[in-house]
Amino acid sequence: MASLGLQLVGYILGLLGLLGTLVAMLLPSWRTSSYVGTSIVTAVGFSKGLWMECATHSTGITQCDIYSTLLGLPADIQAAQAMMVTSSAISSLACIVSVVGMRCTVFCQDSRAKDRLAVVGGVFFIIGGLLGFIPVAWNLHGILRDFYSPLVPDSMKFEIGEALYLGIISSLFSLVAGIILCFSCPLQGNRSDYYDSYQAQPLATRGSPRPGQPPKAKSEFNSYSLTGYV
């Protein structure tokens, strides 16, 4: 029961990590305008994501435009696009494999195969979490570096957007989910020792009493000889 509960907790965390990664990948708020120095008073605020950038006017109107070309984007944005898409794909595969390997499902009745599939799903969650964490940390480092650099104009400085916070939390969820699934399955030797020893016994000895167990007493009826009544 403990391993079943751990598998459920791990799967829920992995599913939340996948959904959070998808939302963070699509949000256009990886970088937001920084209101420091000469850019404190401005009528337009900008935010940039992996696929589009948005401009929010003082009137409350927001306009978003998808990038016209992907090849002209900075290297960190292109790498983040590839890694986030790969992370989402691997995490989706991890969800499918983990469902088959969980003990509460009816797929693949062989318990040993289910345990292996659960571990494989956990490994996929770990890989997906790492692929989602790397681009988020990379962009986070770039934002902080430019923000504190005196060589970058104030109008070109950005702050950390909500999507980066969501990406960090989602990747951590995926990593924790993978670790839980990998360690939720018991050791094969401890679980199947009795089963293997029972299968190894010959048929003639399965009905014999175990060592240290007293033999069953014969019934009173069997103790009488039938020849005494003839």
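Using N, Cα and C of the backbone, Cβ positions are placed for all residues, glycine too.
Database features, via Swiss-Prot:
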- 1-7: topological domain 'Cytoplasmic' (TOPO_DOM)
- 8-28: transmembrane segment (TRANSMEM)
- 29-81: topological domain 'Extracellular' (TOPO_DOM)
- CYS54-CYS64: disulfide bond (DISULFID)
- ASP65: site 'Paracellular cation selectivity' (SITE)
- 82-102: transmembrane segment (TRANSMEM)
- 103-116: topological domain 'Cytoplasmic' (TOPO_DOM)
- 117-137: transmembrane segment (TRANSMEM)
- 138-162: topological domain 'Extracellular' (TOPO_DOM)
- 163-183: transmembrane segment (TRANSMEM)
- 184-230: topological domain 'Cytoplasmic' (TOPO_DOM)
- 205-230: region 'Disordered' (REGION)
- 220-230: compositional bias 'Polar residues' (COMPBIAS)
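Local packing around the Cβ, expressed as the count of other Cβ atoms within 10 angstroms, is greatest for CYS54 among the disulfide-bonded residues CYS54, CYS64.
Sequence-distant contacts of ASP65 (site 'Paracellular cation selectivity'), defined as residues of its own chain at least six apart whose C-beta falls under 8 angstroms from its C-beta, comprise MET52, GLU53, CYS54. Confidence annotation: the topological domain 'Extracellular' (138-162) carries a mean pLDDT of 86 in the model.
For the topological domain 'Extracellular' (138-162), DSSP puts the residue distribution at 14 helix, 3 strand, 8 coil.
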